[in-house]
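One structure is given below, encoded as structure tokens.
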């Protein structure tokens, strides 16, 4: 009996109690998804085609945009499937793979924000050696290091997750698979899968955010030593976009963590909405932030659309 229950597919969930509104809610999600795909896709195309943007700062921005696209493309099929078609079933293998991609890309995004802070640190605190330190080879190594960290550290908990029997309800809390959701349904000793994520978050997200904070303390110290107020403003302005993206990412992480920790005190729909904010808000606003605050991106967009009008 247990083997039959364990083999049953997981059931994804949209917005409980609001099923009648799912078609209308899906329109909002569709707009957000299309906006994310177009804006991040345009950013990637612009950086690849515009030679004035072939610098470390924009290479790292391209990795960030690709990561945001990855998160979006990972969650979009099941979210729209649930909201549009009421297609709730997802096989165990597909669920594990989706959870693997979602959690891996979250670690990758945190790592990308860290190396972007490193780029700004070198550019402001050691500008004369910027090009010699951040060579193309160094950029590739940093990018590969961030990707390898994200996609390898998640493997142990997904492997153990796939080995558990599932004899309880197969209903998940979201329209996509998350490790913390699936693990609640397991009928086995899940001590490792409960402790490993805590250690993982401490060694990645928390450590990354601390290093980013330290880098900006050193950057601010360097900027304050610049005599000219105009030069101070110019140097600080080059960091505004990255600071904004980092705040968007880590504030949503902290918000989701608090909701998850004190979830029994808030409506369940709040937890669901916060999860969507965590996965959709950063990919949605990151290209907007860089388009508004970075003059080189603005110029590149103007050249791109001017070229297509000719």
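Using the three backbone atoms N, Cα and C, a Cβ is placed for every residue, glycine included.
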Query raised in the report: What range among 139-159, 160-180 does TrEMBL describe as transmembrane segment?
Result: 139-159
Requested in this report: Test the contact criterion for the transmembrane segment (265-285) and the transmembrane segment (20-46): 3 or more CB pairs under 8 Å, pairs 6 or more apart in sequence, then answer yes or no.
Outcome: yes
